[in-house]
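Chemist: Below you'll find the structure I mean.
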Ligand SMILES: C[S@@+](CC[C@H](N)C(=O)[O-])C[C@H]1O[C@@H](n2cnc3c(N)ncnc32)[C@H](O)[C@@H]1O
């Protein structure tokens with residue numbers, strides 16, 4: 001075993017073998033420093049299942065320079081494993097590059113087939129996204145209430161973030177967008193948003209405080225499927241609240257009861273007045289937001305519902321507007337909506353990479369993704 005300025009690892013597991021990979025040759029190339037070296041050697045033997053790791057550590061200090069050389073001895077099967085892993089990584093990289101190329105081509109083809117009006121519209125949207133929030137003619141405010149976010153698991157948080165990302169992309173396409181105001185925005189959900197590429201540039205409100213501390217009670221309307229009040233018209237002077245929650249029907253009536261306790265107005269969307277749903281009337285966060293968004297333009301609830309609610313949710317003849325959440329597939333609607341969006345996450349990752357690689361404005365990352373959801 002080599003103990004001279006080296007850490008020698010003999011391992012029968014790939015994990016142990018790949019744990020060391022650094023060779024610092026700094027002092028080896030400096031004979032003057034080599035002469036002034038002091039060496040301490042420590043040897044450890046660890047046995048973990050079928051893995052034996054012998055570590056001999058020599059720390060060498062040469063006038064403030066720490067030098068460590070590493071030699072890794074791999075068994076035959078570990079070498080094979082390593083080769084397989086490297087091959088797999090190369091295939092993965094190729095696949096990713098291919099997907100990126102395909103997306104680029106698709107976008108190019110789409111641009112080429114656009115009419116001049118569509119091109120003008122695209123440019124208008126691009127300009128809008130670059131504008132300062134104070135220059136935008138916002139239609140009104142929609143509050144996203146994160147106060148119940150601790151009830152969500154990591155997967156649900158991820159799903160919520162995807163939904164809100166789509167909603168964000170859609171609002172900024174409008175001439176008069178809806179401003180998204182995040183309240184009680186703290187903890188893991190906030191951290192997960194912050195890890196999202198491009199999020200830092202989002203034109204949204206971010207508050208740790210509750211909407212109760214920020215706005216007058218009379219301005220607030222909590223949108224909740226359980227409310228006995230049915231919304232007739234959208235009022236731009238009101239601040240509508242959406243529960244920022246993916247709960248797969250676990251907490252039925254949660255936001256309604258919260259609003260009741262806080263003494264603020266509640267309302268449900270007028271779904272059953274205009275369309276028949278095959279499942280219960282609790283919609284996913286992004287669908288509620290998109291319906292409001294469409295309604296600001298259409299001023300026609302039926303049209304707005306039809307443009308947003310997935311056709312599989314609309315009841316066929318003979319089906320009733322059910323109370324409980326599961327449809328024929330055994331999944332509740334919110335789960336299916338999340339799944340549909342999550343299926344696009346692959347595209348999201350690829351798109352983000354593309355944009356980063358092209359060195360484009362970070363803000364375009366999410367926006368171009370969200371565009372996909374409505375195409
Ligand atoms: C997936 S739901 C969350 C359901 C949750 N159990 C609750 O108590 O609100 C997400 C949010 O969308 C809004 N929402 C969903 N369906 C709605 C409807 N039919 N009318 C009004 N708001 C709705 C509510 O703000 C709700 O909190």
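Note: Cβ is positioned from N, Cα and C throughout, glycine not excepted.
Nobody curates TrEMBL annotations by hand; they come from automatic prediction.
Per TrEMBL, the features are:
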- 37-62: compositional bias 'Low complexity' (COMPBIAS)
- 83-104: compositional bias 'Basic and acidic residues' (COMPBIAS)
- 116-126: compositional bias 'Basic and acidic residues' (COMPBIAS)
- 318-337: compositional bias 'Acidic residues' (COMPBIAS)
- 365-375: compositional bias 'Polar residues' (COMPBIAS)
- 128-316: domain 'SAM-dependent MTase TRM10-type' (DOMAIN)
- 27-62: region 'Disordered' (REGION)
- 82-126: region 'Disordered' (REGION)
- 312-375: region 'Disordered' (REGION)
Chemist: Using DSSP, what's the helix, strand and coil tally for the compositional bias 'Basic and acidic residues' (83-104)?
Modeler: 22 helix, 0 strand, 0 coil
Chemist: Could you tell me the mean pLDDT the prediction assigns to the domain 'SAM-dependent MTase TRM10-type' (128-316)?
Modeler: 94
